[in-house]
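This is the structure, below, for whatever I ask next.
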Amino acid sequence: MAADATIIPTTKQAPACWGRVLILGLGKSGRIAAHYCLSLLGKRVDSVRIAAGARTKEALAFAHDCEQRGAHVTFDDSRVEGSFDVCIASPGISEFSELYVSARAASREIMSEVEFAWRESDRDSRWIAITGTNGKTTTTALTAHILQQAGMRARAVGNIGDTCLAAVMAHDTDVYVAEVSSYQLASTIHFAPNVAVILNITPDHLTWHQTHENYVAAKFRILANLNQTPGALAVLNAVDETVRARVRTLAHATEQCGFAYIPVGTAAGLAGDMRTICGSENAAFIEGSDRWLTVALAKEQHRLCRADDLLIPGEHNVSNALAAATACIAVGASDDAITRGLTTFTALSHRLEACGTIRGVTCYDDSKATNVDATLKALAAFSPRRPIVLLGGSDKFTDLTVLVQEACRHCKTVVCFGAAGERFARAFADAPLPVVRAAHLADALDAALDIAHADDIVLLSPACASFDEFTSYEHRGDVFKALVAERAQASAKDHVAQVSADAPAVHESVENQSAHISAKNQPTQASAVNRVAQESAEDTL
């Protein structure tokens, strides 16, 4: 059996036979690709070779199962030998690594699991692809939530929830809402969604991409094949400088780009209307003093809800909501369903998530803020209140100048922790606000609580990756929430113990003074004692 490029007519672009398949890496996407291709072995796949990477216990167990099903598995490869018709590459393997470069040379095509899944998906299915440095997961989840409110069979896939291929294999989805990373987009060839959303592009993942220019180019690959999809739409956040530059290019192009586009906001902010600024045919913006989310698309204007009606905090989430609403309009959701979805969606874990109160100090988990831009948005979301912010973790070595400036504007104190803590503390050395150094996340929380007063905010928004102490930002956030819960419980117990110790003295004082207190004042004195007990019980709860 040999590769057969004849496209199966019921799919987007799946060939009759993939031929010899190479799978690069056994992460989440590599495992599902291996499982799927082995299910096609002898039918639409000739052979499966897996370059599995490191010998972890989990990888060894999965590899054994794959070998039982007919795959050839190798570990610890630095290069790939042989010849293959297609390579499905894990997003964890940089396109500049020796392994990736050799795999590309050995394969007729190399692609991400996202592209592979898209090709295998039903011809009539629709895809909304969402990318950006920050906000991808929230916008993806919100978009899927709205479409489900509209009665559509929609699913959030990609970096959130199921892999794209697992969702395609289930055959129960009509609209795939895919969160796609720069890693995945770097290995796309023909991927052509119905709607492509770019939320923002700021410096990140420089180790994987080597340069910011490579990172930007990977993000914009989401637009590369839109002109191959009839009626395709690009949703572009024009508040972001890099994305706005692409809007200008599209607006001033002498030739039609082959797809429609809609800018969200302008350089002046979300209240700006790009139809008046640069002559765009479409625009999404915030309208009027009541700040209505408004989308003007294909000569129709959709007034959806007020920004204050959203349950997710921060101006950045207003932008995310506009992008999600626009994508949903593009695939046929009604205004009523969109409004219902916008006003019922709640924040995801680890994204400005209130996670407990200790002695009147409210703690927030924003562990998903793994870069400077995400932390800047978090600080702005609390204005005019000034949180004590915890910064640090695994350093991405991005420039901290703007972070220092904005922290001085928005923060009460900065606590620097983890592997990046020393560099962050040096960056704040001349800043006119208190800076505390802590070794680990637990120490940082305790340091913040030591200086916090009632009604203060302690915010974990680290501007760093998590891998110095944790396996992921989720792990870091879960640990932070557990630490907050432990401190809250200990504080409540201390308070109860203190009240119990003070109660006899209070009771004796009341009895000794009873002869000198008028009858009408006696209930007031008793109420004071009762309130102490009630507050103690509430704190314990």
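Cβ coordinates are placed from backbone N, Cα and C, and glycine is handled just like the others.
Marked as ATP binding site by TrEMBL: G132, T133, N134, G135, K136, T137, T138. Annotated compositional bias 'Polar residues' per TrEMBL: 511-528, in sequence order. Sequence annotations record features per position, and here TrEMBL assigns domain 'Mur ligase central' to 130-327. What TrEMBL lists as domain 'Mur ligase C-terminal' is 350-464. Under the heading region 'Disordered', TrEMBL lists 509-541.
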For G132 (ATP binding site), list the number of other Cβ atoms lying within 10 Å of its Cβ atom.
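Excluding its own Cβ, the number within 10 Å is 26.
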Express the predicted model's confidence over the domain 'Mur ligase C-terminal' (350-464) as a mean pLDDT, rounded to an integer.
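The answer is 97, the mean pLDDT of the model over that range.
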Tell me, how many other CB atoms lie within 10 A of the CB of K136 (ATP binding site), whichever protein chain they belong to?
22
How do the residues of the domain 'Mur ligase C-terminal' (350-464) split into helix, strand and coil according to DSSP?
39 helix, 29 strand, 47 coil
What count of other C-beta atoms do you get within 10 angstroms of the C-beta of G135 (ATP binding site), across all chains shown?
28
Neighbours of the ATP site G132, T133, N134, G135, K136, T137, T138: Cβ within 8 Å of the Cβ centroid, same chain, sequence order.
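My list of surrounding residues reads I130, T139, L199, N200, N320, A374.
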Going by DSSP, is T137 (ATP binding site) sitting in a helix, a strand, or coil?
helix
Using all protein chains in view, find how many other C-beta atoms are within 10 Å of the C-beta of N134 (ATP binding site).
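I get 27 for this one.
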My understanding is the cutoff is Cβ-Cβ under 8 Å with a sequence separation of 6 or more in the same chain; which residues meet that for T133 (ATP binding site)?
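The answer is L199, N200, I201, T202, D204, N371, D373, A374.
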